[in-house]
Amino acid sequence: MRLISIYILLFWSAMSFAQEERSHARDGNDDYSEKNYAGATKKYEKSLSADSNFLDAKYNLANAQYKLQKYDTAARLFNEVAENTDDKKLKSNAYHNLGNAKFEQKKYQESVNAYKKALINDPENEEARYNLSYAMRKLREQQEKEKEKKKNQDKKDQNKDEKKKDQDQKGDQKNDKDNKDKNKKDDKKKNDQDKKDQQDKNKGDQKGKEKKPQDGDKKNQGKKPQPQKPNPQKLSKEDARRMLEAIQNDERQLKKKLEKKKGKAVDTDNNEKNW
């Protein structure tokens with residue numbers, strides 16, 4: 001299904017060649033008929049320079065812009081004509097062509113609105129009625145696509161949010177696990193250190209006990225052992241005499257043994273006087 005062609009008004013018989021604006025408009029119509037839309041545009045613009053209120057020239061300028069696919073400019077000019085003319089026929093045609101320009105831009109809601117206005121000003125405009133039906137169908141299709149697109153985007157956003165939520169949850173769980181592992185490791189390290197400190201303390205206490213002198217040895221702690229000095233004791237006269245006799249007796253026995261070896265008797269009392 002395609003749109004009905006735009007309405008074109010060339011105003012051949014209505015132009016007065018004596019007037020400058022109409023002369024340029026006539027030249028523009030010639031170019032338009034030969035599909036020289038760029039040339040027609042220049043001629044219509046010259047006509048409007050001479051008379052900016054010349055709506056027939058503005059309408060045909062809008063048609064030329066439409067043919068050059070300058071739909072924004074064409075839509076603006078069609079709207080200006082529709083709002084400023086009292087001619088119902090021209091108004092309906094202007095809104096009709098405005099609807100076509102909006103349709104080409106895929107602005108289907110604005111296109112529908114323009115076709116409705118064309119029908120209001122000319123209920124017998126069957127081409128506008130046909131284009132309205134077509135534009136409404138395209139509008140529904142567009143709305144369905146946008147609805148589906150929004151639905152898919154919402155689903156995509158939801159999946160993205162859920163994925164982020166899962167990642168955040170996993171991240172939190174990992175952080176909790178890392179913290180627990182770290183705390184467990186720190187506790188073990190502390191317990192091991194406490195145990196080692198206790199063992200070192202026990203070893204130190206044991207060594208201290210082994211090195212600690214007994215009560216009786218306290219005075220000698222840290223000193224080298226000294227040789228024991230003789231402790232002389234006083235002898236009684238009787239003990240001294242007996243000791244002397246013992247020594248003399250030992251000497252006599254020794255002499256006797258020596259004399260025996262030489263074969264000569266020894267007078268053990270030769271050292272004594274014969275009283």
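Quick reminder: no glycine exception, Cβ is built from N, Cα and C everywhere.
As recorded in TrEMBL:
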- 1-18: signal peptide (SIGNAL)
- 92-125: repeat 'TPR' (REPEAT)
- 141-220: compositional bias 'Basic and acidic residues' (COMPBIAS)
- 141-275: region 'Disordered' (REGION)
- 235-253: compositional bias 'Basic and acidic residues' (COMPBIAS)
- 254-263: compositional bias 'Basic residues' (COMPBIAS)
- 264-275: compositional bias 'Basic and acidic residues' (COMPBIAS)
The compositional bias 'Basic and acidic residues' (235-253), counted residue by residue under DSSP: helix, strand, coil: 17 helix, 0 strand, 2 coil
Predicted model, mean pLDDT over the repeat 'TPR' (92-125): 97
